[in-house]
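Enquirer: Attaching a single structure in structure tokens format; questions to follow.
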Amino acid sequence: MEEGERWREGHVYQRSSETRKPTNYDRPDSPVTHYVSDTHIVGTLMDELEVETGLITTILIATFNEMRRSHKPNELDDNINWWRHEVFYQIYPRSFKDSDGDGIGDLKGITSKLQYFVDTGITAIWLSPIYKSPMVDFGYDISDYRDIQPEYGTLEDFDALIAKANQLGIKVILDFVPNHSSDEHEWFKKSAAREPGYEDFYVWEDGIPGDNETRLPPNNWVSVFSGSAWQWHEERQQFYLRQFTKGQPDLNYRNPAVVQAMDEVLLYWLQKGVAGFRIDAVIYIYEDEQLRDEPLSGSTSDPNSVDYLEHIYTRNLPECYGLIQHWRQLLDNYTADNPGPVRIMMTEGYADLSLLMNYYEDEDGVQGAHFPFNFDFITELNANSAAPDFVYFIQRWLTYMPPGHSANWVMGNHDNPRVASRYGVGTVDAMNMLMMTLPGIGITYYGEELGMVDYRDISWNDTVDQPACDAGLDNYKWVSRDPERTPMQWSDEKNAGFSTGDSTWLPVHPNYQELNLLTQQEATYSHYKVYQSLIKLRQSRVLRDGSFTAQALNRNVFAIKRELRGQPTLLTVINVSNRTQQVDVSNFIDLPNRLTLLVVGVCSQHRVSERLKPAEVKLSPHEGLVIQLKAR
């Protein structure tokens, strides 16, 4: 599923034209050795293809054998490696908690809920943009990189949030949007007026002469949100590049002054105490200097569609990697000069695997991002995926990730439908079990711990997402990102406990009286309590340091195993089908074992501490189980 394309119920998604091309990343066919996570696990990755009569069953086995350094954890290790096994919780500030009754979430609201993260077990939060903005794209159009959007509060409110978070042991990550600013930023106004020093802060071009003294765009480049990526500016009498909305002009990073200005922005927020940054839309930062037309993709006949072209001149140019490496050095230097935890950088971009891996490091080992986001659970897998598909995409990332780096697993975000809406309401617990028991880093979008669902019936009058508004009354529902951005459902009180106001910036989902945090905290079994149990389990040595094996047991069920010498083995088994399945895990676990259930889902017929027979593990539709193995 490509940026600009929306999820549709019942549709089977394929990779976009960019990622459908066969590459040497398509299927690993030879053993590969890797380091995984901060524990220096080393292992060999294997795959085997089993062909049966009338059915091709892919059994992909990924086995990481333990080889760890012998040392005791200490504060230095914690400061260096704190992020490698972290669960980062994404907060969409506008929707998280409103403190003043205006219907819009804010910084004081987030601060008031920091204890919630302590209670849940979350120790790192990532804030979507909070900078000053005209809110054309709800904060991803920044008019001042050093100030707070007034609706969200003040710089003093931000300082108070950081102070309280530090007191509670919570690290704060900021969204950083470098590709473009708002057209209301002083830089753009000065550039449009050709003020000295700012003439080339943005990408300006004359265009091509058209009929009747008109000017046509310089080339065929298409915006992510459809239509030309070039916008005519009457005052300057030139086109400016805008790969997103017309209110988001692309900055010109071939101008050293722009790089320096953004370096200073990063240092400004580092000095305020943030633990790092999520770099937005990193793949778009540079474009072809020659402005060459991009070739047709053959995916669609619509010239306004983002899928109309192969984006070889506007995405993932080599200079993108160089800039990320430059910012990594800036962060490393800041960490070296300022005691405390490593300041980290995670990058966001939907791209082919071979291109994403370059954001970790280049072929010479020069370090880039601490990790580029892995969107496979969003773009490659869906409710119709079979068990071997899950194992394959998990294995693929681990196989081609450079040695010494950490994997990550993004389950949802503000641009895509929620887990419960993509995979089905009954899958929420199983998907959280999967994310929490895989090696590396987990990314949780707010409300996913509760199983919140998209509000697909938001009316045209209540729609605020700009691309949806541009799509018009007949098409807005297929484009809108509003359904996954509705207010956090804290309780069954007015506005789900999000706000005391008479209205909220987006409607609260009508199911809030049944689906909310307070109800789930008080229930014997709930999605929240499953999530809480998984967070606690992640602190176990076997999940932090253990080896990893994955296998499709049949077309509908797969299992992952985590092992560490001297520790009980953990087994996660997931049924991705809508039918009850019974599987034999005896061969997968090798030795006779006692199986004891540690975590079960809300609707499971099993109960925690129940004993299972390896040859008769029964799973309800879409059920996941986390099992502890002890040798007899």
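Glycine too: its Cβ is placed from the backbone N, Cα and C atoms.
Swiss-Prot feature annotations, pasted as is:
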type: COMPBIAS; residues: 1-29; note: compositional bias 'Basic and acidic residues'
type: REGION; residues: 1-30; note: region 'Disordered'
type: CARBOHYD; residues: Asn179; note: N-linked glycosylation site
type: CARBOHYD; residues: Asn212; note: N-linked glycosylation site
type: ACT_SITE; residues: Asp280; note: active site, nucleophile
type: CARBOHYD; residues: Asn333; note: N-linked glycosylation site
type: ACT_SITE; residues: Glu348; note: active site, proton donor
type: SITE; residues: Asp415; note: site 'Transition state stabilizer'
type: CARBOHYD; residues: Asn461; note: N-linked glycosylation site
type: CARBOHYD; residues: Asn575; note: N-linked glycosylation site
type: CARBOHYD; residues: Asn578; note: N-linked glycosylation site
Enquirer: Hey, which of the glycosylation sites Asn179, Asn333, Asn575 is the loneliest by Cβ count within 10 Å?
Expert: Asn333
Enquirer: Determine the minimum-neighbour residue: among Asp280, Glu348, Asp415, listed as recorded positions, which Cβ has the fewest other Cβ atoms within 10 angstroms?
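Expert: Per-residue Cβ counts within 10 Å for the recorded positions Asp280, Glu348, Asp415 bottom out at Asp415.
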Enquirer: Reported as an integer number of Å, what is the Cα distance between Glu348 (active site, proton donor) and Asn575 (N-linked glycosylation site)?
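Expert: Roughly 30 Å, rounded to the nearest whole number.
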Enquirer: What residue among the glycosylation sites Asn212, Asn461, Asn578 has the most other CB atoms lying within 10 A of its CB?
Expert: Asn578
Enquirer: Among the recorded positions listed here (Asn212, Asp280, Asp415, Asn575, Asn578), which has the Cα closest to the Cα of Asn333 (N-linked glycosylation site)?
Expert: Asp280
Enquirer: CA-CA, which of the recorded positions Asn179, Asn212, Asp280, Asp415, Asn461 lies nearest Asn578 (N-linked glycosylation site)?
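Expert: Sorting the recorded positions by distance from Asn578 (N-linked glycosylation site), the top entry is Asp415.
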Enquirer: Asn212 (N-linked glycosylation site): which of the recorded positions Asn179, Asp280, Asn461 is the nearest Cα neighbour?
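Expert: Nearest listed residue in space: Asn179.
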Enquirer: Taking just the CA atoms, what is the gap between Asp280 (active site, nucleophile) and Asn179 (N-linked glycosylation site) in Å?
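Expert: Checking the Cα atoms of Asp280 (active site, nucleophile) and Asn179 (N-linked glycosylation site) gives a distance of 8 Å.
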Enquirer: Do you know offhand how many angstrom separate Asp415 (site 'Transition state stabilizer') and Asn575 (N-linked glycosylation site) by C-alpha?
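Expert: About 27 Å separates the two Cα atoms.
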